[in-house]
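**Student:** Before we start, here is the structure in question, set down as structure tokens.
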């Protein structure tokens, strides 16, 4: 044991390098370490380039700087990614919440500027041709079909739908006196005054006459019976609307009754010449039977009753 302790002491006391100034360096690591350990720089003069090593403190500082730079870059990238994701989800949520309100505003905006439902304030000017559109109560509050299919869809322009509705030609129906009343749709083309239109509609639903008396026969009846009767404006009128006193006292005669009194002759025989007026069939009221019986003009005398 004393020998081992002596050898260790001798190793520490042995001079590894002797400086020019006579100073002794006991550690070999102090030689050529780029530090002036001798004081006269004699320990760094004869060092080879291969054996020269930078001090370990330089490597440690560079390593720490690289680690710090890498950590800063990674943290910055992570923060940027998190901010982008939060912004994206915030915009998506806001747009999803605002879509129902936007659809409601667009539906409300169709009333004044979409022309899908006209307003109720349609002014009627007599004598002028105009189109009156009166929306029904059910259609005024009905959402269009293209909005009902996808309420959360983006708003599409209504120009194609409006143009399709405007380009449709108007339908003008002329009354012939026997047709049903016109269809009262949402849009009606009015070419007459309201009073004339109501009169035509009232006449169009009138019951058909029992039999037809043409205008020429009606004029002849009024001339010979002394009762004024205006000419008909239609193709025919009821026989009970005109008589000698302007009122019929009984139902009109049937075809068999008329042909039974005058077999071989036609009940409706038209002659428009004044030379054959005497041979034209005439009508006289029969108070006993309540019917009109025609007689020949040449056999008629004033005051004769059948």
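In case you wondered, yes, glycine gets a Cβ from its N, Cα and C as well.
These numbers come from a predicted model, not from an experiment.
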**Student:** Can you dig out which of the ranges 204-207, 208-211, 212-215 Swiss-Prot describes as motif 'SMAD interaction motif (SIM)'?
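**Tutor:** Comparing 204-207, 208-211, 212-215 with Swiss-Prot, motif 'SMAD interaction motif (SIM)' matches 208-211.
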**Student:** Which residue range, 244-247, 248-251, 252-255, is the one Swiss-Prot calls motif 'PPxY motif 2'?
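**Tutor:** Swiss-Prot lists motif 'PPxY motif 2' for residues 252-255.
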**Student:** So which range, 172-175, 176-179, 180-183, gets flagged motif 'PPxY motif 1' in Swiss-Prot?
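**Tutor:** Feature motif 'PPxY motif 1' in Swiss-Prot: residues 180-183.
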**Student:** So which range, 100-127, 128-155, gets flagged region 'Disordered' in Swiss-Prot?
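**Tutor:** From Swiss-Prot, the annotated region 'Disordered' range turns out to be 100-127.
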**Student:** By Cβ distance under 8 Å, which residues at least 6 away from the ends of the transmembrane segment (65-85) in the same chain are close to it?
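**Tutor:** That would be none at all.
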